[in-house]
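Here is what TrEMBL says about this protein:
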TRANSMEM  B:26-43  transmembrane segment
TRANSMEM  B:49-69  transmembrane segment
TRANSMEM  B:76-95  transmembrane segment
TRANSMEM  B:101-123  transmembrane segment
TRANSMEM  B:130-148  transmembrane segment
TRANSMEM  B:186-203  transmembrane segment
TRANSMEM  B:234-255  transmembrane segment
TRANSMEM  B:275-304  transmembrane segment
TRANSMEM  B:316-335  transmembrane segment
Amino acid sequence: MQTMMRMTALSAAFAAAAAFVAPAALAQDSLYVPNLSYRTGPFAATGTPIMNGQRDYMTLLNERDGGINGVRIAYDECETGYNTEKGVECYEATKANAIVTQPWSTGITLQVLPRTNVDQIPVLAPGYGFSPMADGKVFKWAYNPPSSYWDGASMLLNYVADGDLSSLNGKKIVLIHLDAPYGREPIPLFEKYAAEHGFTFLPIPVGVTEMQNQSAQWLQIRRENPDFVFMWGWGAMNAGALTEAARTRFPMEKFLGIWWSGHDGDMAAVGEQGKGYRAVSWNVPVSDSPLMNDIRQHVIEKGLSQIGNQSELDWVFYQRGLVISMMAAEAIKAAQEEFDATVITPEQMRWGLENLNIDEAKLEELGMSGMVVPFQTTCANHTGHGGGWIIEWDGSKFERVSDILSPDREVIEPLEAAEAAKYAEANAPWPANDECSL
Amino acid sequence: MLYRVAGQFKTSYKADYALFPVRQDAWLLTFILLLAFVVFPMTANEFTFRALLIPVLIYSLAALGLNILTGYAGQLSLGTGAFMGVGAYACYKLVTIFPEMNIVVAIALSGFFSATVGMAFGLPSLRIKGFYLAIATLAAQFFLVWLFQKWAWLYNYNASGAIQVPNISMFGVPVAGPNAKAITQYYFVLGIVCVVTFFAINITRGRIGRIWKAVRDMDIAAELVGINLMKAKLLAFFVSSYIVGVAGALFVFLWRGAAEAELFDIQLSFRVLFIAIIGGLGSILGNFLGAILIVALPVLLGVVPRMFGLPISSAMVEHLNIMIIGALIITFLILEPHGLARYWQIIREKLIIWPFPH
C-alpha cells in the first residue's frame, strides 16, 4: 500500500507540475482551431456526428490541399460533455493559441461570450447561441451564421401560413421546447407574432430530467388540439417527442422542428411512423457532391475519420459539421488574403468572419452546391440571415421539400436591437464596435 | 524526527487547548498558506487559476458548509446545490438592485438568505432523522431549482432565463465580471475561504461544536444532559447554509460568470456531498483534500496527454478520466473508509513516532 501511495503522490505531483507550466506551445506555422466538443454525456448522440463532420473537413483540407494557403490547421477537440463547468475549463485551456472558439452549448456560450471581449477571441456559433448576436455593432466578437433561432421561428411560421401570416388568425400553435436557455430563445418572437396576427401561442416546456418521458406534455398537446406543434428540442428530447407523437397518433404533418431537431439518428427511433415530420434547416445533405467524394477519397478511405458507420456520411448533422468547418476555413482564407499573411491572429480572424461571402459561385467552387444556404456577413450583421429550407423525413432519410425561405427581418430586427441593447446595459461597460459604419 | 513532539511542554490549560498544540502543525500550515498566498500566484497561469485553484477553493468551501451539518451535527442533507443557488441568486439580486453595494457585503448578506432558507428546510430535522431527513432536504433541492426557473424576477426577466454577472469593481479594481483578472479573483476567493475556515475551525472545536457532536453521536443522550436539540439542529442548519450560500455566490460571481437554474441541480449536491465524504466527515481539512481529489484531479488528468502530445482523442481522455477517478474513489474508500483526512492523521501519527515505532 505504501508503494501505491507513493506512486499516487508522485504522479499527482507530476501532473500538478505539468499544469503549472504554460499549455504546450504550438508550432508557429499552423492555425490552432479548437472545438469544445461533446462526444460524451447525455447529448453525445447529437454531438458526435457534428464533431465528426467538423473534424473531417479540416482533415480533408490538410490532406488534400496541405492546409489553407500552405498553413496546416491544428484542429483540436476539448471534451465538455455539454457540461458548463467543463466548458469554462476547455475555454481557458485552449484560448492561449486559439484564433477562434466554438463553445457549443448555449450555457457555455453565455459564460464565454463576455470573456471573449476581454480576451479578444472571436466566437463562432453557427445556428445557435443568442439570436441578438446578429447585431454586430454590439456583439463585436460573436458570430452565428447563417441563421438565428428567431430567423428559424419566423421561417417556420411563414411556411405553415404559406407566406400569409394573417391566415393564422384564430389558430393555435404549441411550442414544445427544452426548458433551458436554448429552448426559451424563440418565445419572445412567437409572442410578438401571436399578438400581431391573432393566433394562440402556447409554450410547453420539457425539463432536462424529463426529456425521455414526455407523456404529460403530449397529453396536454392532445387536449389542446393545436393546429401546429413546433419543437425546439435537443439530444434525447427529440427522439422522446417523436416517439410520443407517434404513440399518441399526432399527425406528423402538423409537427415541425428547428434545425437541431432534424437529426437522422433521432428519427431512426420512429422510422416509418415519423414520415411527414418536417424541420427547417440551413443545410441539406448532398451525398453526391464533389466535396463528399473528396471526403470519401481523402479522409474516409484513408481511415482518418472517427465516423462509426458509413451511412452516417449522409446524415444532416454530419454534413452540417462539414459546413460549420467550411465557414471557419473560409473566414481564415478571407483573413489571409486581406492581411497578406499565412498565420493569422484572432483579430484578423474576426475580420474574416465579418467578411464571409458564401454565395452560389463560392459554393460551386468548394463543391458544396446546395449543401448550405448562401449568406453574407458584414460588420453590422453577424448572422447573414441566409434563411433555410424545409426538410421532410420520408421514413428513412430527410428530403428537401421547399425552396429557400427567408425570415421577416423587419419584424425581427427591432427585437434584436432591443435585446442586444439590454444585454450590453446589463454587462456595462460593454465595448461596442464603433469602427462599424454600416 | 521531523514531527518530534518531545520537549513541547504545556504549562497551562490555555496552551493545551491552543489551535496548534504541536509546533510542527503550525509550521506546516504556514508553509501551505505561503504556497497559497505567494508561490501559486507567482507561478500559476490563467488556466491554473480558473480551472484548478479557484474551483478547488470554492468547492472546498461548499463542502465545509455541508460538513458542518452532516459531519459535525449528523444531519444528512441533499440540498446543498439548491442552497448554493439561493446564495447565488440572492447575491445577483442584491448586486443588481444596489449596484453601489460592495461585493464583499453583498456576498456576506447573500449567505443570510440561504441560511434562512436552509433553516426553514431544516425544521423537519426536529422530527425525522437519517435517510428520512435526506428525503426532506431532497424536496428543498427540487423545489428551489423549480423556483429559480419559474420566478422570473430572480433573473431580472432575462430572455435566456440565466443570470449574468455584471462588471463589479472594489476600490477601483475589477473583481467580478469579464474584466476581472484571474489573480484578483483568486486572492478574493482565497481571502474569504481563509476567513470562513478560521471561523469554522473555532466554532467546531468550541462549545457549539461539542453540542453538535453530542447531538450527532446520540441525540437522546444529548437531550438528557440538557442540550436543546431544536436550537442545536437549527443552528447547524443556519451556519451550514450560510457557508454554502457564500460558496454559491462565489461559485457564480467569482468563477462561472453566468448561471442557469439547472446548474444548481442534484448533481451539484451530490458532487459536494462526495467531496465531504471522501475528504472525511467531521473534519475541516478533509474538505480541501476531497476537493483536490474530485475537482482538481480530473482537470490534471485531462491536461497530461495534451502536455505530452499523446495521440488520444479528447473524448477518450474523458472516458479514461471517469474510470480513473471512479477507481480512485473506490480504492480510497476501501482502504480508509473515514476519508482522506484520516489518512493525514495516520501519516502524522507515524511521523511523530518515526523512526522508532513501538
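Including glycine, each Cβ sits where the backbone N, Cα and C put it.
Caution: TrEMBL annotation is automatic and unverified by curators.
Beyond its flanks by at least six residues, the transmembrane segment (B:275-304) meets 51-52, 55-57, 59-64, 66-67, 70-72, 197, 200-201, 204, 213, 216, 310, 314, 317-318, 320-321, 324-325, 328-329, 332-333, 338-344 of its own chain at Cβ-Cβ distances under 8 Å. The list of residues near the transmembrane segment (B:186-203) in space but at least 6 beyond its ends in sequence, with Cβ under 8 angstroms from a Cβ of it, reads 19, 33, 36-37, 40-41, 44, 49, 53-54, 57-58, 60-61, 64, 68, 104, 107, 175, 209, 239, 243, 246, 250, 254-255, 284. Remote same-chain residues near the transmembrane segment (B:76-95) are listed as 62, 65-66, 69-70, 101, 103, 106-107, 109-111, 113-114, 117-118, 121, 130-131, 133-134, 137-138, 140-141, 143-145, 148, 154-156, 163, 165-166, 168, 240-241, 244-249, 251-253, 259, 261, 263-273 (criterion: CB distance under 8 Å, separation of at least six residues from the stretch ends). In this chain, the transmembrane segment (B:234-255) touches the transmembrane segment (B:49-69); three or more CB pairs sit within less than 8 A of each other, excluding pairs fewer than 6 residues apart. Between the transmembrane segment (B:130-148) and the transmembrane segment (B:234-255), fewer than three CB pairs separated by 6 or more residues in sequence fall under 8 Å, so the two stretches do not touch.
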